[in-house]
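Engineer: Please find one structure pasted underneath; my questions will follow.
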Amino acid sequence: MFHLSALSLLVAAICWTIGDMLIVGFAKPDKKRFGGFIKTMGDDIYAYLLPGSEKRLRWGALIANYSIPLLLFGCWSHWLLMGNTTVGRIGVVLLAVGITLSPLAHAAYYPLAATAKLAWQDYRDGANETASMVTAREMFVFLKFSWFPAIALSFCGGLLITVSIAAGWTVFPQWMCVFTPTVLLVPCMLATRLPYPGKPLLDGAIFNLVLLVWAVALLIGGAVYGIR
């Protein structure tokens, strides 16, 4: 069951990576072109999402959301890995709760992008404040309220899992903690500042790319150290 759960996590990580690439894998907006619009709206997120077509954004939202059962099932492999470690199991519970909140947070980019496009059209028509602009700002507030709890709970859960592995409380060797998303996220976030093939698609998917690496490590580690 461990290997099936870890494989489920791997498939879900691939789906969420693709979803992130589609829904938020855009380059930073050109300040010369969108500077006035950004100032009017109060944030560059609205200009950032403009390049995405409706079809791209729709599939970016749906491919991730439809795979959420696989992501949740992937938590079982973590539960088995933690054994009788209380800290680790609390981490798994927090991670699972964060995952259940993630679909709403992820899909919230879709209506935000849709209203941002309407706001941009109004801005180009010379309007300073319209219903579309107000609605777009409200969508951004909604996204933040849905996104931050999901990320915070997932991060806290992942951190406790990492601590459990690093402390030697699991069957994995302590050095395996370097493959956990909590640890990998730091160098990967720094790497987004550098030019590399795949930008900006991969920048948008950084969270789930590190999850993908961890899923592979989890599969291999489970086979090597005999977790069932």
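Each Cβ is built from the backbone N, Cα and C atoms, and glycine gets one as well.
TrEMBL lists 6-27, 59-81, 87-110, 147-166, 172-194, 206-227 with the feature transmembrane segment.
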Engineer: What same-chain residues lie close to the transmembrane segment (59-81): Cβ under 8 Å, and 6 or more beyond its ends?
Structural biologist: 1-3, 5-6, 8-13, 15-16, 18-24, 52, 88-89, 91-92, 95-96, 99-100, 102-103, 106-107, 109-110, 161, 165, 170-172, 215, 218, 222, 227-228
Engineer: Report, as numbers and ranges, which residues of the same chain sit near the transmembrane segment (206-227): CB under 8 Å and 6 or more residues beyond its ends.
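Structural biologist: Here the qualifying positions are 2-3, 6-7, 9-10, 13-14, 16-17, 19-20, 74, 77-78, 80-81, 171-172, 176, 179-181, 184-185, 188-189, 192.
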Engineer: Excluding the flanking five residues on each side, which residues at least 6 beyond the ends of the transmembrane segment (6-27) place their CB within less than 8 Å of a CB in that stretch?
Structural biologist: 48-49, 51-52, 56-57, 59-68, 70-71, 73-74, 77, 106, 109-110, 113, 199-205, 207-209, 211-212, 214-216, 218-219, 222
Engineer: For the transmembrane segment (172-194), find every same-chain residue at least 6 residues outside the stretch whose CB is under 8 Å from a CB in it, and list them.
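Structural biologist: Distal contacts: 81, 155, 158-159, 161-162, 165-166, 203, 206-207, 209-211, 213-214, 217, 221, 225.
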